[in-house]
Amino acid sequence: MKLACAPAVKSGLSKQLSIVNETKPGVKKLAIGQYDGGLEKDNEKRGSVVSGEAAEILALDHSVHTERPIGDWSLHSFEIGRPLGKGKFGRVYMARTKKEPHYIIALKTLYKSEIVESKVEKQVRREIEIQTNLRHPNILRLYGYFHDEKRIFLMLEFAGKGELYKQLNKNGRFSERRSARYIDQMADALQYLHSKHVIHRDIKPENLLLGINGELKIGDFGWSVHAPSNRRKTLCGTLDYLPPEMVLGKEHSEKVDLWALGVLTYEFLCGNPPFEDLNGYNATYKRIAKVDLHVPSSVSAEAKDLIERLLVFEPEKRLPLSEVLTHPWIVKYRSSAKLSKGEAA
Ligand code: ATP
Ligand code: MG
């Protein structure tokens, strides 16, 4: 296979990657599980070569014209392990660098032609650029990327405990302690994002992963905005996390993330989003537009207070992140978490 490789991240890659190397002293290699041959199977029947402007955009640099690999990374750099999941544009695998010290990553494939068919090539490119530059313990790191004629490969931080969505489904809802710890981490990550003028706009349990110590990791930067996850669509519509200004088609700002944080707090504690309506899309739309919010009595007064301060119609009146981080409900559980920082349960 011919690989035209883009330089991943130009400098300091091994230093960055070392934080995901979970090899303990004395333990030679962390198990990455059994590879199922899915990359080759997919590549035979899936996708087509992309050329022209779209190829330029998706190459993320000009190496698409280069015959020889010019970057540090290619598919040959990795041993591929167990499948972690399937994304909209390709599969995700656990992988390990062949070279010492055998860094562990999640390798996510994206078929260029499928991105082009969905008309999201600029969005994908922008999101990759954004995620590459973010450094926060609660934001999934994108260490770099490389590509061949048909695919882009993203080298992502491995989220050892998988999807938060699955945990929520399994448990029905989370305890106040666990919810508060997640919201604390979310607020911190969002504050960081907003300081970089990045609005996430698509916060929901499906886009959150859990690190090896149960810490929350925001993944999925943005392209799900254009193509919402099927799970959510079939489950309860796609509107659930959208604020009034977005469902009403008005201009929106970073305050949309504050609203979504309120929805997330509610969903963690109650097991379903606050404006979900089994009568469908229109009914949910109406409930969001008039902020038809009822917090069940099982939720503590402090948590209810936070939810009600975030789910406010007027974007400017929503509780700012700095005040979320000092809210009594958040502070209460943070102090008890001191000895096990990052622990979620
Ligand atoms: P979808 O629309 O289904 O969410 P997607 O294109 O956004 O697809 P991802 O959600 O990024 O794709 O990846 C698909 C699945 O692969 C995830 O739901 C998760 O189970 C797994 N996965 C993705 N990235 C990682 C990671 N860094 N660590 C562990 N598992 C991951
Ligand atoms: Mg996803």
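Cβ coordinates are placed from backbone N, Cα and C, and glycine is handled just like the others.
Owing to the predicted nature of the structure, the values given are computational and were not obtained by experimental measurement.
Record note: TrEMBL gives Lys88, Lys108, Glu157, Phe158, Ala159, Glu206, Asn207 as ATP-binding, and the candidate from Asp148, Asp220 in that site is Asp220. Fewest Cβ neighbours within 10 Å among the recorded positions Phe158, Lys204: that distinction goes to Lys204.
A simple way to gauge crowding: the CB of Glu206 (ATP binding site) has 22 other CB atoms within 10 angstroms, across all the protein chains here.
On a Cα basis, Lys204 (SUMO2 cross-link) lies 19 Å away from Phe158 (ATP binding site). Neighbour density for Lys88 (ATP binding site): within 10 A of its CB lie 17 other CB atoms from the protein chains shown. When secondary structure is read from DSSP and collapsed to three states, Lys204 (SUMO2 cross-link) falls in the coil class. Across the structure, Lys204 (SUMO2 cross-link) and Lys108 (ATP binding site) are spaced 20 Å apart at their Cα atoms. With respect to ligand 2, the recorded positions Lys88, Lys108, Glu157, Phe158, Asp202, Lys204 contribute no residue with a C-beta closer than 6 angstroms to one of its atoms.
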